[in-house]
Amino acid sequence: MPGSLWLWLSLAWVGSCGSHSLFTCEPIKVHRCLGMPYNMTFFPNMMDHYDQEIAASKMEPFMPLASLQCSPDVHHFLCQAFIPACSEENRVIRPCREKCEAVLSDCEENIRIFGIAWPPELQCNK
């Protein structure tokens, strides 16, 4: 019985942590991604960010691309990469390769002009 009590107390403590819901869908809080066709997200994301605040700060250097609208898909792609969609089954939905390739192709010149370092985790073959 003491082992069961320890497990229950551990789970109760983990459940009370406020950073984000561990491996379950959670409501999107990042202002830039509130208008997406999805309203729930999942962490960690594909860049191993463990909460929305960190992901939002890491997304910031890419926002000139969204402001310039160098691709019709750039805003949605960035949100889906940094603040990924989460399905009702608690599954993360990452951006598709075709959307990644379109954004890279459309925004290539602006990425170069702004000196944006495209992280390995965002390579389209992932």
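Cβ atoms are placed via backbone N, Cα and C, with glycine included.
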Please name the cysteine among Cys33, Cys70, Cys79, Cys124 that TrEMBL pairs with Cys100 through a disulfide bond.
Cys124
Whole-number mean of pLDDT values that fall within the domain 'FZ' (20-126):
91
